[in-house]
Amino acid sequence: MLHDFHLDVRAGELLGLLGPSGSGKTTLLRIIAGLDFPDRGRVLFGGDDATGLPVQQRAVGFVFQHYALFKHMSVADNIAYGLNARKRSERPGRAEIRRRVGDLLDLIKLSGFADRYPSQLSGGQRQRIALARALAVEPRVLLLDEPFGALDAQVRKDLRRWLREIHDRTGQTTIFVTHDQDEALELSDRVAVLDKGRLEQVGTPDEVQDRPASATVLKFLGDSIELEALAEGGRVLVDGRPTPVAAPRGVIGPTRLHVRPWQLQFVEPAEAHLTGTVRASHRSQGRQRIEVERPDGRLVVVEDFDGERYAAGRPVGLRINGGYVFAG
Amino acid sequence: MSEGLALSRAAAARPRSVTSEGRAVRWLLTGIAILFLALFLVLPLLTVFAQALSRGWAAYFEAFHEPDAQAAIRLTLTVAAISVPFNLVFGVAAAWAIAKFEFPGKSVLITLIDLPFSVSPVVSGMIYVLVFGSQGLFGAFFIEHGIQIIFAVPGIVLATIFVTFPFIARELIPLMQEQGTAEEEAALTLGASGWHAFRTVTLPNIRWGLLYSVLLCNARAMGEFGAVSVVSGHIRGLTNTLPLHVEILYNEYNFVGAFAVASLLAGLALVTLVIKSVLEWRYAGDLAAGARH
């Protein structure tokens, strides 16, 4: 279910559609491809109205979440499928098709795999074949549905980097769907955040992280805590002490301040916005996360470099170095 | 650690799963099963061949030289040659529609496909007599135009098609449902027309299931007795199929002839079983698990 919105995709960009499951991102992708049809609204490619065009004439490359490779065909036949499906008059010659398949296999670094069958390949390899198959028809736009969703963490990271390289080399306009914030933020030129069928925000990874348009976007992009605060004289105050956060125009009086775990800093209780006692801490990869229990029983997670260790039970003070306040 | 080791040793000493029974119970159950199979399946099958050959090979082959027997073989082959391709086309079409699309009345259609399995073969034959017979709904119309359906080949073909209709659709529906529509969608996004996608993606994906079900359909088409008996009229040399011919010979106390012809049908069943088993063993993954008979 999608609500009304307008989304511009720029030629040559890599756009990430980010949202929780059920947010409508896959539906949007399928509407662009012509696999689903909207009740109203239009799909434009360049200046051309593609809304009424059947999927075959949209010239899109679609990579399915579970690849949907043709099981009974060799890798080469899979990649050549789109070319072989063309009308005789538009179909390239056999030698030309073989050359194109070879080029694509080189591009995805699977040159020796032409005669293998999908069942003989790993998940990551199948994913790359699916991409080559979609690229073979020289699509106007490449659409990827959760391209790394079914892969394990390490393969995922490698493929992410590799997809970025392919994109930089081919300049192919690409839209991909993901529910993984890190993936969207690392890979995309711009990110479109969807929630409950609404487009919440479109912007570069920096824009959506520095200036999230709504609490929904902020929460979806990472952990945060929500604090009661007061907006006064253009400043946001917590517990009567001013914070570095500026109040947006029109926000006066009691409000909510959203703070990321790394926007909190340990200080002496006397100069703190928040106080509490350490309950637990975990370290991983040069960083540590410390859980602080506030006097009212609520938990605050602080993220810090792995340096001084904080023992459970130790009373601490926290200063707010940044945060977000949303109007309305 | 030592406890874990002790456990694994105990397991190695008695490699028996918790769901298996004691030795006596196992022998008893296996024995009952084998006895049952021998008594009700193997013995009757052997009797067929033993009776057929009771007066030697010459008498055995004599049964097939008879013109009526040859006519029956020809008719059976003709009926199968018409009804199997017919059900192939309609079975694939029905399975394709049911498995790949959502439409109102889908569950009704699935139930209708199952109807021939649940209806008595006599009724399957009777309905055609009631519709096309001389006293039937359209009987007068066809008689006026000189077309005879009941007590003629068209009636036999119709009844056979009705009885064998579920075989192909029933095998293909779960198979195609399991395969989903992703590969077809992939083909369409790559520019393939619907027909091209069907030919190059859908059909190859169901080929073994299709062969398997055609085989079963054919065996039933050649062996159907009840429904065909009602519409055939038992005219020797004209409307007698192999199973009907067996019955006539048997009723005339021509046991060698009856069992010789019956051995032909039994042989067909055995060949079908062997190919079916080979398919199941070789292409198990490509057959619908739920529909294996």
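Quick reminder: no glycine exception, Cβ is built from N, Cα and C everywhere.
The feature domain 'ABC transmembrane type-1' is assigned by TrEMBL to B:73-274.
Annotated transmembrane segment per TrEMBL: B:27-50 (among others), in sequence order.
For B:71-99 (among others), the entry in TrEMBL reads transmembrane segment.
Remote same-chain partners of the transmembrane segment (B:119-142), defined as residues 6 or more beyond its termini with a Cβ less than 8 Å from a stretch Cβ, comprise 148-150, 155, 158-159, 162-163, 224-231. Taken from TrEMBL, the feature transmembrane segment covers B:119-142 (among others).
Here TrEMBL flags B:149-169 (among others) as transmembrane segment. Counting only same-chain residues 6+ beyond the ends of the transmembrane segment (B:149-169), those with a CB under 8 A from a CB of the stretch are 75, 78-80, 82-84, 86-88, 90-92, 94-95, 98, 113-117, 121, 124-125, 127-129, 132-134, 136, 139, 142, 210, 213-214, 216-217, 220-221, 224, 227-228, 230-233, 235, 238-239, 241.
If you look up TrEMBL, you'll see B:253-275 (among others) marked as transmembrane segment. Note on the transmembrane segment (B:253-275): residues 45, 47-49, 51-52, 54-55, 59-64, 66, 69, 72-73, 215-216, 218-219, 222-223, 242-243, 245-247 of its chain, located 6 or more positions outside it, place their CB under 8 angstroms from a CB of the stretch.
For the transmembrane segment (B:71-99), the list of distant contacts is 64, 106, 109-110, 113, 153, 156-157, 160-161, 164-165, 167-169, 172-173, 175-177, 179, 198, 202, 206, 210, 213-214, 217-218, 221-222, 228, 236-242, 244-245, 261, 264: same-chain residues at least six beyond its ends, Cβ to Cβ under 8 Å.
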